């Protein structure tokens, strides 16, 4: 059954980071629980709810940004000690707010993730994992990619300490002491880990993970082996997962899975059988959910889901329904409690309005005085720039703690801005010339009132690299702006993958010279997305990539003085050859480049492109027919006289137009890719075939695959 939940907004703290809100254990079975939350101003706030109003328990002084907040205590006892990670330090507080621990770790970077199990403390910086026992350094591990989260299987169930790292390269790394025990591949970059059912399941070995591209899964980890139990894709194209919890919200003895996403969607999954979980309830908040917990907060005996958002709002979805009594006609009479709450809110609102007016007058007076000093209001921007595998586009998500007024997007390389359904901002484009001013795109997004989160979709062209800049202007006075930069890489549509098909016809590029491992790694970082900036450990490394637009693949293996790149797409090899030689020239390093071109790879690539080309040509043809067919329908009074295929075009006109609108310049992109493939094929032979491009375009218009392959082979 679907739960009936009512929303309650409790209070707002400062801007929060991921996993910085927890519920303290209740003293009695049906008592309400205290909430403890840490914000980016370094303040730890603990409060309870009485008569629907928040009552503070304690509040610490501001300090360094709080990156994580966890509860701890002796094993098999209530976990009611509060631990917060700030910078490279861990502090501990009792449930009354008394500080009992201040532990300065030996980490040189800020703590990004933390887990506590009894006397064991597990900390992660960007690439480094440290295990401390009673504040003494015990184990250490250097990860091959960024660590997003850390967890340890319950010691009382598995009888050993088994830490698990969620790493950006789509891998869960299982450790034993300081050694890598197992690598578990997952379908996306994991951002959060949680014990299944809150305790790891019956065996204590079950881990729930959420990914930055919105996938959810359960894996049983049994030491050196792992068994995937279930996986839920992101069919509804919702945001990435930031937080997970398990709680029996319905009181039926089975815990639901609670999920918070970065687009503000809160989800509740139920387990009707032992199979995959089923989505039972979802609710959309206006900003990303950084923490989620299930418990009893607002009123004794009423379970609820408590969510903490990016801007610090603590919002509950409670099973306690608002009481209403039927009145005469359409009138509904609110309960006495609700009426008193509304009255107090009105009084508070009037008080705040008066306070704002007074402060505004003070500001105006001080601004006009001779000794006035300009003060720029500080604000934080939570941003994410991520490649989507489904439609080969980049999502740029900008979130601000206050309302966004304008976002200006500028790029020095050609990119397409795609439509986003959730985006209500009004966009306008400015004419620009890339030659004199270096601008290939200038677009302005004017946001509606109270918009705190903006999502843009961008599609780049491989082979063209540069910088995309977003100028974020919030609705604050005086006007201020923050600039955020994002690199568009030469092979920007490539995404890391776990393996490739080695049976495909591959082209090879070999690079040899007097360069170090770190230097060639920096060149690969410059060329390709999702490569860790830190030089990998060991003497050599291999990365696999897949082109999200075409499905072609790339294998990159390199070491000191040598690099080998294999791809079934000649254009990928051509781009790498040009960029790597330029980077080596910049550093005055002499390199020898050789290549081995497989003629069969061209036919193979054309076979991959052609279905997409055929589909887009048919879509464009149908869209061109919509207006004439509608005119005929109006003139004749109906469409019965038309052939079935034309009638189906009229019936599907809205969907066709919507799809065509979402994919601007899609057909031109495919034409461009085939043209580049044609030019690159003959470039490796030392032949310039640019004069034959008009003939190639004529063949493309004919949409005949065999004729296209024949043209490539006979040219």
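Any Cβ shown, glycine's included, is placed from N, Cα and C.
Just so it is clear, the model here is predicted, and its values are computed rather than measured.
The domain 'BBS7 beta-propeller' annotation in TrEMBL covers 21-319. Positions annotated as coiled coil by TrEMBL: 335-362. If you look up TrEMBL, you'll see 377-486 marked as domain 'BBS7 GAE'. Annotation comment: TrEMBL describes 494-596 as domain 'BBS7 platform'. The annotation domain 'BBS7 helical hairpin' is assigned in TrEMBL to 599-712.
Under DSSP, residues within the domain 'BBS7 GAE' (377-486) fall into helix, strand and coil as 4 helix, 60 strand, 46 coil.
If you look at the domain 'BBS7 beta-propeller' (21-319) against the domain 'BBS7 helical hairpin' (599-712), you find fewer than three C-beta pairs under 8 angstroms, all six or more positions apart, and that falls short of contact.
Each residue in the domain 'BBS7 platform' (494-596) gets a DSSP state, and the totals come to 28 helix, 38 strand, 37 coil. Residue counts of the domain 'BBS7 helical hairpin' (599-712) by helix, strand and coil are 94 helix, 0 strand, 20 coil (DSSP-based). As a whole-number mean, the pLDDT of the coiled coil (335-362) in this prediction is 81.
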